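Per Swiss-Prot, the feature compositional bias 'Low complexity' maps to 125-139. Look at Swiss-Prot and you will find 140-149 tagged as compositional bias 'Pro residues'. Feature annotation from Swiss-Prot assigns domain 'bHLH' to 13-70. What Swiss-Prot lists as domain 'Orange' is 86-119. Per Swiss-Prot, region 'Disordered' is recorded for 124-157. Swiss-Prot lists 154-157 with the feature motif 'WRPW motif'.
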């Protein structure tokens, strides 16, 4: 029993494309490893000319070693700067808000002034705001309950 012509053609096409796809895959891997070598060797302080013919496993091992050494140095130097960066951004945002908010007609001037004062107090306390929701510290005001109507419910029938 023979397969239909379309099924056989598809199988032949797959067989003929398989070596080509494998060649492309290997080329992508080799290109990525070459780029990785070019990125990692200078960071390790190694001369690229001295390591011109590294095996793929060597490139991967050097990369793993470099990445394992990375977290300790990144975390220790970045923490103080990130708080300064946060505060700098917060102050810049507050300054922009102080220019724009008074011209905003949506808020009453008293509310606008209270909001700006609250935000300025946050810069004095320093640091980012806590991640606890505001509803945990103060209960939200409940909406006013309308008085019961003496007319009863309106029904369309």
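All positions are counted from 1 along the displayed chain.
The backbone N, Cα and C atoms fix where each Cβ goes, glycine too.
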Per-residue pLDDT averaged over the motif 'WRPW motif' (154-157), given as an integer: 62
Residue counts (helix, strand, coil, in that order) that DSSP gives for the domain 'bHLH' (13-70): 47 helix, 0 strand, 11 coil
Secondary structure content of the domain 'Orange' (86-119), with strand meaning DSSP E or B: 29 helix, 0 strand, 5 coil
